[in-house]
């Protein structure tokens, strides 16, 4: 009996597979123009977060728990968006649409790991605000540099180890259907729809992962703010209440900036599979590019010490 070469190819290890990324369908002739705003957004995100990190590192007045967590937020923002830069511009500049399976998996690992890590960092920042407002006299003794370092390491390891079973299974899937991905970078939920195998584990595990990790983090943030509001409402002066709440404004904005696009992208992939590809692409890029661009701006505008640091960095002679 002869063996069908296509059958061998289809059932071969996914490590041998080449996938093809997609730009903006129907607008291929405008890809070079479309790349300009993408380039500006990537540059704004990198420059903004690097500026925040530089200011926190060099200004000894900012060596406090709140700013250490802000530095973690900047690192996770860049860790989530930067792995996609090369593949996005390779597609938009018509260099190549091809991406090898192993590179795709590494890209997915960084995107999803840092996405979950950022959620954990936002929880840590909520706890920081809770301690600062509800237990101000114990703030420095509770949130020690040692504890902050442990929180950062645990947040990263928790997210990384959680992703390993999900991505490891992809290596055993045959991809006998189309190898064309929906985006200009790799997402797990995009790749499993191409597999010719039972993907129930990946689908269920992915949903459990999102529910447990995002669910625990968002619940922790919500509970922290319940205690914060309870404490703030006990402050006698109206001005004091506003001042206390104002210290949380930047963090609340960062939470919304991460969770709203994240939930939107998940809903689009789950329940709007047959909608216009442009909606999927638009949501995917908002999810990756908006947090790194907006978080440094919000913290620079709303946090006096960061704003002063940015002005001093940009105009050293005037400040």
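Even glycines carry a Cβ here, placed using N, Cα and C.
The shown structure was predicted, so the numbers you read here are calculated from the model rather than taken from an experiment.
Positions annotated as domain 'G-protein coupled receptors family 1 profile' by TrEMBL: 48-299. Annotation comment: TrEMBL describes 34-56, 68-93, 99-127, 147-168, 203-228, 249-272, 278-298 as transmembrane segment.
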Residue numbers, six or more beyond the limits of the transmembrane segment (99-127), whose CB comes under 8 Å of its CB atoms: 14-21, 66, 69-70, 72-73, 76-77, 79-80, 83-84, 87, 148, 151-152, 154-156, 158-160, 162-163, 166-167, 170-171, 181, 185-188, 191, 209, 213-214, 216-218, 220-221, 224-225, 251, 254-255, 258-259, 262, 288, 291
Chain residues in Cβ proximity to the transmembrane segment (34-56) (below 8 Å; excluding those fewer than six residues from its ends, i.e. six or more beyond): 23-24, 27, 62-63, 67-68, 70-71, 74-75, 77-78, 81-82, 85, 88-89, 92-93, 285, 289, 292-293, 295-297, 299-300, 306, 309-310, 313
Long-range Cβ neighbours of the transmembrane segment (203-228) (under 8 Å; 6 or more residues past either end): 116, 119-120, 122-123, 126-127, 129-130, 133-134, 158-159, 162-163, 165-166, 188-189, 192, 244, 248, 252, 255, 259, 262, 266
Intrachain neighbours beyond the transmembrane segment (147-168), with Cβ under 8 angstroms and 6 or more residues off its ends: 65, 68-69, 72, 105, 108-109, 112-117, 120-121, 124, 188, 202, 205-206, 209, 213
For the domain 'G-protein coupled receptors family 1 profile' (48-299), the mean pLDDT of the predicted model: 88
